[in-house]
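See structure below.
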Amino acid sequence: MYSISFQEDSLLPRERLAKEGVEALSNQELLAILLRTGTRQASVFEIAQKVLNNLSSLTDLKKMTLQELQSLSGIGRVKAIELQAMIELGHRIHKHETLEMESILSSQKLAKKMQQELGDKKQEHLVALYLNTQNQIIHQQTIFIGSVTRSIAEPREILHYAIKHMATSLILVHNHPSGAVAPSQNDDHVTKLVKEACELMGIVLLDHLIVSHSNYFSYREKTDLI
């Protein structure tokens, strides 16, 4: 009896999706489809609702580790891995959509986008965004991921991708895992070096952003270095 109910647990939302479209489904139903089956103690709908009840918002699901997912009743290692894979794929799709020929209108707009991408990272990430003459992003490159004490990559590496993608300008973005966005002396030094190197190559350094989960610092807005 149990095996039959397990197999049919998520059948109804699947049928609804096929008939009414994915937009018609609730978060619980979508999660039930991904989880597929319940347990002897709880249906897949109950498990899906328990997962959602543990979140203050859907974005919290993206932040959960494998261990945290497995700690939820009804989710084993395989389901936790499948959920993480689904979440990451959705994140990459969203990233590609927002990146593809996006026009940069303001530091604030870009900072908000990069806060979502880098704000919760536990290590420092340096990212370079390369733009064309219409200020549209044509390429995004992670220059390095590492300790906050490590020196940022040489300007040569940053400019390599600018030349490769025929960019006319670029924007640097890095996160401060501490949450404080005030620039360090090293941040100032790197900004000066990259700007000087860009000028030699006829490329414009539009901005250098420092982001955290809830705040940002713009060299263009706050300093005379750019």
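Here, residue 1 is simply the first one shown, and the rest follow in order.
Using N, Cα and C of the backbone, Cβ positions are placed for all residues, glycine too.
According to Swiss-Prot, the features are:
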DOMAIN    103-225  domain 'MPN'
BINDING   His174, His176, Asp187  Zn(2+) binding site
MOTIF     174-187  motif 'JAMM motif'
Next item on the list: Using DSSP, tally how many residues of the motif 'JAMM motif' (174-187) sit in helix, strand and coil.
Entry: 3 helix, 2 strand, 9 coil
Check: Do you know the mean pLDDT across the motif 'JAMM motif' (174-187)?
Finding: 93
Note to self: Please give me the CB contact count at 10 A for Asp187 (Zn(2+) binding site), counting all chains in the structure.
What the structure shows: 20
Check: Just how many other Cβ atoms lie inside 10 Å of the Cβ on His176 (Zn(2+) binding site)?
Finding: 23
